[in-house]
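Features reported for this protein in TrEMBL:
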type    : residues                                    : note
DOMAIN  : 25-337                                      : domain 'Gcp-like'
BINDING : 112, 116, 331                               : Fe cation binding site
BINDING : 143, 144, 145, 146, 147, 176, 189, 193, 303 : substrate binding site
Ligand code: KG4
Ligand code: ZN
């Protein structure tokens, strides 16, 4: 049996988790800082790193306590060291190094984005191991988060190659900005998801950007601007001098929920269209890489509409769908500890010079 302690602090969640044999999550502690950042309508890096410093040790202690274990029982310590906010990453990386050094355990470095693609393999108890099989490879990967909207060709959990990505905003970022336009709060994704259920997704015709024929890239900035104009009308003047005729206070509640539903329909539809394009292209151009599974991860994989649409899509295209349980969609450390199991068995360890890295190469 292998027990790995995972640590995650790349953005505004301080998290620690213990995972058994790469799949069974024994504890999953996430201290969210959303309240601290809400009034700024986005993450303030300096506030985030200070909060990580306060939270990191209690969160690690709680993860051991919940799993009924002590540090002695742990085989290795894994940390998400890339990509993310540098000041936030440094807190998790320093804590992991200090623990590894003082307890004489191996240290494992994990890429946060790769870990999101591993989250679907995690289960909450032993008996779910058989009912929730692991992805089959080759697979098509999709990370939809606050920082990423990227499609991957996956040959294994560690061999992943990006084949399409957003050229402007990430989908989660677009959700958060849409919530600012609709004056809903932060983070916007869950709030839009909730009110969209009461709205008519066909009420407003918002754009689904497809980019060039054959392109597997995404673009969400046009959708965001279209939503802004639908709410406030076309502006008179440009840039800072632009004057809008109206604002969200001038709309009825029904109009606001219709706008949320129409925004969500357009954003998710754009993702589904690109998934279709990707599967068709791979099947016809490189049949030997044709995906058997569709592997999804990242905060936006919690979205109820996305979950419904990808379920239909996977069924229609005869793909095995691997989407994380709700608890493992958002930033968490279980995905870090789970993926680290593969590195552990490959004897792939980091040393105490391990840096925090703001942008990870190629992913
Ligand atoms: O993966 P994550 O926790 O952090 C990053 O690595 O970015 O993703 C956070 C993003 C935020 O933009 C948040 O608004 C979005 O995921 N999100 C959602 C939902 N829950 C979280 N977006 C749409 N629908 C949701 N239910
Ligand atoms: Zn993330």
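First residue shown is number 1, and so on along the chain.
Any Cβ shown, glycine's included, is placed from N, Cα and C.
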Among 143, 145, 189, 303, the binding-site residues whose C-beta sits under 6 Å from ligand 2: 145
Residue pair residue 145 (substrate binding site), residue 116 (Fe cation binding site) - Cα distance, angstrom, rounded: 9
Rounded Cα separation (Å) that holds between residue 147 (substrate binding site) and residue 116 (Fe cation binding site): 12
Cα separation, residue 116 (Fe cation binding site) to residue 143 (substrate binding site) (Å, whole number): 7
Three-class DSSP secondary structure - residue 116 (Fe cation binding site): helix
Same chain, 6+ residues apart, C-beta under 8 Å of the C-beta of residue 303 (substrate binding site), given in sequence order: 144, 189, 193, 264, 268
Local confidence of the prediction over the domain 'Gcp-like' (25-337), expressed as mean pLDDT: 96
Where residue 143 (substrate binding site) falls in three-state DSSP terms: strand
Same-chain residues at least 6 apart in sequence whose Cβ lies under 8 Å from residue 331 (Fe cation binding site): 8, 10, 11, 13, 15, 30, 112, 299
Substrate site span - longest C-alpha distance across 143, 144, 145, 146, 147, 176, 189, 193, 303, in Å: 18
Intrachain C-beta neighbours of residue 116 (Fe cation binding site), sequence separation six or more, cut-off 8 angstroms: 143, 145, 148, 297, 298, 335
Of 112, 145, 147, 189 (the binding-site residues), the residue whose Cβ has the fewest other Cβ atoms within 10 Å: 147
Cβ neighbour count within 10 Å of residue 143 (substrate binding site): 30
Environment of 112, 116, 331, the listed Fe cation site - residues of the same chain whose CB lies within 8 A of the CB centroid: 8, 10, 80, 113, 115, 119, 145, 297, 298, 332, 335, 336
